[in-house]
Amino acid sequence: MPAQLPPHLRRLEAEAIFIMREVVANFENPVMLYSIGKDSSVMLHLAMKAFHPAKPPFPLLHVDTTWKFREMIAFRDETVKRLGLDIKVHTNQEGKAAGINPFDHGSSNYTQVMKTEALKQALDAGGYDAAFGGARRDEEKSRAKERVFSFRSAHHGWDPKNQRPELWSLYNTRIRTGETIRVFPLSNWTELDIWQYIAAENIPIVPLYFAAERPVVARNGQLIMADDQRMRLLPGEKVEMRRVRFRTLGCYPLTAAVESDADTLDAIVEEMFLATTSERQGRLIDHDESGSMEKKKREGYF
Amino acid sequence: MAEIVALRPHDDAARPVPVETDKGILRFLTCGSVDDGKSTLIGRLLLDTKKLFDDQLASLEKDSRRFGTVGDDMDLALLVDGLEAEREQGITIDVAYRFFATEKRKFIVADTPGHEQYTRNMATGASTADLAVLLIDARKGILNQTRRHATIAAMLGIRHVVLAINKIDLVDYDRVVYDRIVAAFDADASHYGFASRVAIPISARHGDNVGERSESMPWYRGPTLLEHLEGIDLSVDVTASRPFRFPVQWVNRPDLTFRGYAGTIAAGTIRAGDDIVVARTGQQATVSRIVTYDGDVRSASADEAVTLTLDREIDLSRGDILATPAARPDVSDQFAAHLIWMADEAMLPGRPYLMKIGTRTVGAAITELKHKVEIETLKPLAAKTLALNDIGFANLSLAEPIAFDSYEDNRTTGAFILIDRFTNATVAAGMIRFGLSRATNIHRQALDVDKAARAGAKGQKPAVLWFTGLSGSGKSTIANLVEKKLHLMGRHTYLLDGDNVRHGLNRDLGFTDADRVENIRRVAETAKLFVDAGLIVLVSFISPFRAERQLARDLVAEGEFVEIFVDTPLEVAEARDVKGLYKKAREGKIKNFTGIDSPYEAPLTPDIRLDTSIGDAEAQADRIVDYLIERGYSAA
């Protein structure tokens, strides 16, 4: 029962459920971005709650860059099967054909083609008028200013200086044909809230979040996991087994592991309290330059 | 004034660990004038609650060197001024939400801009906040902007305020400065009506009395800011004890066997077996089940998202409000509300907007702007429109009746936004103060062919010529002559005569005072319609009471009402007695006869006073026509 949730998680849960129902009641063709990570797992769990006893009345969408951890893909397939949900998987075929990869083309170009462009293609193809994303305001400075219902032009652009004022829980859902809204039900959650909720609700997550012996390469002070044979080693680098886990998941060549012994949810929550770095530290694409997230978001990144 | 519960000193050495006494979430906003240090304060709170990670601190040091405004120190404001434009301009241009937690509470803080033109963002932050931290620069004291923000916070229903008297280090930690500022604020405090007010001297930059007690101000014995935020008791504000309100958000029909109403409880508590009523229609039903993913529950309270099933099928859809039958919300298509205008384009009375209130969206128009609110003093100011960031008090009229509460009673069922029908922009936020009964305060929408256009086509200015005087004073004779003269001049007129109207429109009315009032009201309304059609309307009625003549005058625009007092003394009128009515009245055969046993209140300042002892009816009529030509009601 929700009664066992601490009060702050109950309030966050109810807020997210309200937001999801508001989308379903106002939009014709919503979709939920499912990135397989812990935030997506929480978002999906909340969707199961919001529409019970009905199933969530929208499909999931996964933008597959083809460079995700193998365990993520296995977890994705297992999850949709377990919950009986509809999922669309989209890959930017032009990018794939051109062999765009994170090693040769740089994280910035690669992200633009295989994530941002791929996402726009998938949203256009599906004709979706609203798309749920699992982004949280505490993740990054420009996220802190994003609305819960975030308006996008017909070209998926975000104009941070011209956002609709958002008062109370009165979300303005009005759009014209071609325009869309990105909706962030987890806006007010923090990383700690996510972990506490996963623990309290016993939500399944990708095993990569738990510490285990994994093959990693030390590069620029980061630990990159060699998830498959496509991993390229620079001169002098070697793969070694270390006890690591991931605080955030994405494309394996761009996602750093942390050394950790936390192999249970309780241990992860405890580690959270002692952490001295933010989770995005492990996301290589955020460090290109200061303000790079705002730039990517203006271009349509989630 | 302040209610402060017992506090545990903040344990600075330990990282926050969740404990049993989780007080839930406190949402607050920081506000104040430009450069009062809002962003720095939030940066300080994050730092003092160990919310900052090493990589964030490293990036802060880098940013401080590039954009910083505080010399070699870390510029804490850069932590929260997220957007590139803000960092370059050194100001906060939008609401930013920040999160931190201590062992007692989780905090969500809205950092809102101090520039006056960004008032709408402050209102946005305030709409979801339980408490406002009002920053005051100790060197500057209370500014107009401080009052403005206190007013907006109070108007948006924030019940608790903290005066954070910042930069106290720059006035040598002087108690006198602190006392003076607190006294100045309290002089205005009755305007705001906050439930609690706590004043804390702080230095956001150096950390005094934010997370750690200051060594420099032994005279201050109150809590640190963080202690106060952790400890403040919001239970006085809980909505769980108020009458049950449930805006239906979504109808859940997965198959033929289940029909549930999904929504978030806006106030009160519901139990399975409770009776509810659909506020809009008055239909009643009983709650069968309270359904959640985790199983049915016996009861649910405010802020919980649940799904209700009912014992019978009733007409119920998104936008309806379920309520306890014992305490229902108002239902009306008109109400008075405070509006905060949020669009560059000014507000237009009569223009159709969409109103979103709770889960309902309905067509709405602002029928009348009663006044603008001068925000520093709360004084009403006459105004025809509202510009960006203006606050006004207005009557609104809706396309159909809705259920609502006053904002004071319920922040969910009493709040609304207005949306432009064409741009879809959110143009205003509104807070309902009270409902208006049907048919009062309704003002017609402006039409393309208006009164002036219709009258202009006829070479005249529309007006009511209101003839008042005793029975037998000669009103009808003179009015009739005036109409003939105007008609010959090509003017378009209409004459409403008291006796004639009583044969038709007002045949159901007698001669009691109440009926006389209604008689005049109907005639005045009819005259108004003819004026709107562009006509010169002649009304010949005894109309003995000043109040009703004033009502008739108030119905039309200024300059459209010409009161003509046909001043014939009672003895003269009675001597004439054309219809033999005075005789009957004297014999008691007619009751309530004006001048005999019912009073006549002569006009004190008529537009035209006709002394019928001088000149005949023809001459009196000429005098009126001359008046009309002179004043431009009629071409010559």
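Just so it is clear, glycine is given a Cβ too, placed from its N, Cα and C backbone atoms.
In TrEMBL, annotation is done automatically, which means it is predicted and not curated.
According to TrEMBL, the features are:
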- B:23-237: domain 'Tr-type G' (DOMAIN)
- B:32-39, B:111-115, B:166-169: GTP binding site (BINDING)
- B:Gly469, B:Leu470, B:Ser471, B:Gly472, B:Ser473, B:Gly474, B:Lys475, B:Ser476: ATP binding site (BINDING)
- B:Ser543: active site, phosphoserine intermediate (ACT_SITE)
Cα-to-Cα gap, B:Lys475 (ATP binding site) vs B:Ile168 (GTP binding site), nearest whole Å: 78
Listed in sequence order, residues not in B:Gly469, B:Leu470, B:Ser471, B:Gly472, B:Ser473, B:Gly474, B:Lys475, B:Ser476 with Cβ within 8 Å of the centre of the ATP site Cβ atoms: B:Ile542, B:Val566, B:Thr568, B:Ala573
B:Gly469 (ATP binding site) and B:Lys38 (GTP binding site), Cα-Cα, nearest whole angstrom: 69
Number of other Cβ atoms within 10 Å of the Cβ of B:Ser476 (ATP binding site) across all protein chains: 22
Three-state secondary structure, B:Gly32 (GTP binding site) (per DSSP): strand
Those residues of the chain, 6+ apart, with a Cβ under 8 Å from that of B:Ser471 (ATP binding site): B:Ile542, B:Ala573, B:Lys579, B:Leu581, B:Tyr582, B:Phe593, B:Thr594, B:Gly595
Among B:Thr112, B:Ile168, B:Ser543, which are recorded as recorded positions, the nearest neighbour of B:Gly469 (ATP binding site) by Cα: B:Ser543
Cα proximity to B:Thr112 (GTP binding site), best match among recorded positions B:Gly472, B:Ser473, B:Ser543: B:Ser543
B:Thr112 (GTP binding site), number of other Cβ atoms within 10 Å: 27
When distances run from the Cα of the residue listed as 'active site, phosphoserine intermediate' to each of the binding-site residues B:Ile168, B:Leu470, B:Gly472, B:Gly474, B:Ser476, the nearest one: B:Leu470
Length of the line joining the Cα atoms of B:Ser476 (ATP binding site) and B:Ile168 (GTP binding site), in Å: 80
Chain-internal residues, separated by at least six, CB under 8 A from B:Ser473 (ATP binding site): B:Val566, B:Asp567, B:Thr568, B:Ala573, B:Thr612
Integer Cα-Cα distance in angstrom, B:Gly474 (ATP binding site) to B:Ile168 (GTP binding site): 81
Around the Cβ of B:Lys475 (ATP binding site), the count of other Cβ atoms that are within 10 Å: 28
